[in-house]
Amino acid sequence: MIGHLTNKEALIDALFTLYNSSKHQKSEYIQRFIELYEPVCQELNQTKLSIKDFEVINKDVIARGAFGKVTLVKYKEQFYAMKILSKSYLISQTDRSSPIEEKLVLSGTHEWLPKLYASFQDEKYLYLVMEYAPGGDLQGLMERRQGRFTEQEAKFYIAELILAVESVHQLGYMHRDIKPGNILIDLYGHIKLGDLGSCIAIHTKHPLLMVGTMSYVSPEMCNSEGSDPAQGPAYGPESDWWSVGIVLYELLFGVPPFTGKDIQIQMKLLDPNPNISFGTCSPEAKDLLSKLLHKSNQHRLGHHGASEIKSHSFFKDIQWDTLHTSYNPPFIPAISSLDDLTFFSATPENDEDDEEDEEENLEDKDFPFIGYTFTENLQPTERKYQESEELQSTIASLKEQLEKEKELNKKNMDALKQLEREKRNWQLDLQTHNVKLKKEEEKRLEELLEKEREQWQSNIYALKEENKQLILRHEEQLEKERQSWESRLQTQQTNISKEEKRHKEQLEKEEKNWLINIDSLNEEKEQLIAKHKEELKEYIEQVEKCKAQITLLEEQQLKIMEQQQEKYNKLESENKRLEFEMKKTVERYKRQLEVLKTEQSQKTTLQSDVGKQSKIMSVMWQKDRDNLRTVQQALETSESRLALTKREIARLKKEIKSYQKSSFEQQMKDDKLERRMTENQDAINLVYNLIDNSKGGALNNRRRKRVDVSVNLSSSLSSLGSKELNKLRAHSVDDSNQLIKNTQNKIRVEKEFIASTQRTMAARSKLSRTKTEFDQELQKSIDRSNSKISLLQQKLQQYELNNNKK
C-alpha cells in the first residue's frame, strides 16, 4: 500500500488535488503556490493519459452498475474494456469500499482476475483500462443455453471460481458481490472474476453494510445493520463462499434457491431455519451445497480456508494445479475479431444518465482518489488472438492433410481391389501367361506400396515434429507457471514459520494451564469415586438394618434385598463405566497427540521438545472453547435481533390499529360536541336578543306589541337571574375548550403517526436501496396525514376565534 502511494503517479495525483483545491482559497501564500505550479500542472496535464487518447469502438454499454458503466475502447490498435465510475456517486455512498482497493487488487498479476493495464481520472470520473473478455459472462451463457448445466460443466466453472475467490482472499480482501453476471469468460473459455468495486479489506475497522445482489447475499450480511465495529467485523470471507454455493445451485437447477422481492428474500434469510429444496443431483453435489449454504458462518464450509472446499469429494477428479491448462472448457467463444460483441447483451448508452442533476461544489472531492492513477505499458492483446489463430490454422491444416491421406488410402485400396479382380480374370482367361504377369504385377504393386509407405512415413514424421514443437511450447508455459507457484509457496512457507515462532511463547504459557486442568479433572474423578463408595456403604448399612428389623416378613425382606442389590450393581456398573470412559478419553487424547506430533514433524524442521504434546492439547482446548463461545454469541445475537424485529412489527401493527380506532372515536366525539356547541350558541344568541328587547321595551311600545311572545320569554329569562345565565355561558365556553383540546390531540396523534412511519421507512432504506410498493404505500399514508393536519389546524383556528368572541 505504501509503495502505491509513494510512486510517481500517486505524487502527481496529490499535486493536482492540492492545486485544484487551492483555487478556492484566497491566501497570499496559496496564490504564490498556484502561480508557481500552474505551468507544471499544465505541462503534466498535456502529457498524462486521458479519455481522449482512447477510441470508443461501440457506443453501446456492455455492462452497467450502480456507480458506472463498462464499454469497449481501442488504444494503439489494441482493444480494452474501460470501466467508467462517477466520483460524485462514489463519494455519496454509505459503504466504506474504495475504488483504490479495486485498483490495488487488479494491478497485480493474477491468473483468475482481469489484468489492469491503466487507471486514470479527471474532474468527474475514474477510468479503469482492463483486459477485455470477449466471451461475455456466465449469466449470458446460462440465458443462451436456456437450461441447466451438467454436473461436469458446473464442476469446471465452480472449481475455477473457487480459485479466483481464493486469490482475492489471499490478497486480504472480500469480494462481496459474487454472481453469474460478474463471472467473465475470456478468449479461451476460462473465467475471470470481475466487478471488484465492492471489495473491502477483511480486517477493516469500519462498519460493514449489506452490499451486492439480494439473491446472492449471505444471512450474516443481511443481519449486519447496527453492528459495532469495536467487537469485530459483522461478517467475513465466509459470505463469499455462501455466494459460491448460490452460483453452484443456479448452475445445477436453473434458478437461485431464494427468489422474490428483496424484502421477501431478506425475511427468508433471517429465518433461523431457511428452507432450501434440492432437485435431482448426485449425493456429493447435495452435500457440498448443504455445507456451503449453512446458515452459521462459523460452521460453513470454507470457514478455515479454501482448502476445505477443494478437498471435498465433489472435486475428487479435479487437478487444481493444472486446472487452467489441462482441462478443456465447456464453452469456447467463436469470435470473428477482438471487437466482437456477440456474447454481450449491449444496451444503448443514455447520455442523460451520465449528466448529474446538481453539481456539488466539493473543494476536497479529489482527496479520496489520490494514488488512483496507474499506468503500465499497455500490453497488446492481439498476441493472444494471433497465437489462437495460428493454433487453429495449424489444427485445420493437419485435419486437411489427414483427410487427404484418408482419401488417398481409400483410392489405393479401391485400386488394389480392382487389380485383384483383374488378376483373377486374367488367371481365368490367360492361364498360360499367369505366372509371368503375376510376378510383374506383384513387383509393380510392391514398388507402388513402398513409395506410398515412404510418403506416409514422411507425413507422419512431419506431424510428429509439429506435435513436439507444440508440446515444447506447452512445457515452457507450464515451467513458467510452476516457477511462479513455487515462489508463492516459498513465501507462504516463510510466513508459516514466522507465525509458528510467534505462537511459541503463547503455547508455553498455556501448557501450565492445561496441566492444571488435567489435575483438576483427576481430583474430580477421585471425588466421584469416593462419593460412590460412601453411597454404597450407606446402602449396605440400610440393608443390614432392614434384616435386623424385619424378621416375620421373609418375602418382603427378599424383595427389598433384591432391590438394594440392583441399586448396588447399577452404581458399580456406573463407576466402571466412568472409569472406562475416562481411560478411553485419555487414550483418545494420546492418539490425537501422536497424530499431531507426526503432522508437526512433517511440516517443520524444528527440533521436537518435551512440551509439544501439552502445547497442542492447550491449542485444542482453547480452540474448542473459542468455537463454543463464538457459536453461543452468534445464536444470542441472531435471537435478540429476530425478537427485536418481531417486536417492532407488532408495535407498528398496534399503533396502526389504535390510531384507526382512536381517530374514529374522536371523530364521533367531535361531531357530537360540535352539534352541542351549535345548539348552545343558538340558545345564547336567543337569550342575548331577548334581553336586549326587554331593555328597550319602555322606549318602543309598537315593537313590544309586535313581539309579545318574545317579551314574555325575555321576562321569564330575566327572572332566571344572572347566575343561571353565567352558568349557560360558562358551559358553552367549556364545550369550546374541549373541542379545541380534542383537535390538538388529533394533530398530535397524526404527527406521532408520521414520525413512526418515517422511522420505519428509514430502517427499510438501510436494509434495501430499492423502493418497493410497501414503501410507496407508507409515503401515501404520510401525505394523507399531512393533509388531515392542515384541515385540523384550520378548524382549530376557527374554534379559537369563536372562543375569543365569546
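Note that the numbers count up from 1, one per residue, in the order the chain is shown.
Glycine is no exception: its Cβ is also placed from the backbone N, Cα and C atoms.
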Open item on the list: Between 523-557, 628-662, 733-767, I'd like to know which one TrEMBL lists as coiled coil.
Closed with: 628-662
Open item on the list: Of the ranges 465-484, 485-504, which one does TrEMBL flag as region 'Disordered'?
Closed with: 485-504
Task: Structural state census, the compositional bias 'Polar residues' (486-496) (DSSP three-state) - done: 11 helix, 0 strand, 0 coil
- [ ] Express the predicted model's confidence over the domain 'AGC-kinase C-terminal' (316-384) as a mean pLDDT, rounded to an integer.
- [x] 69
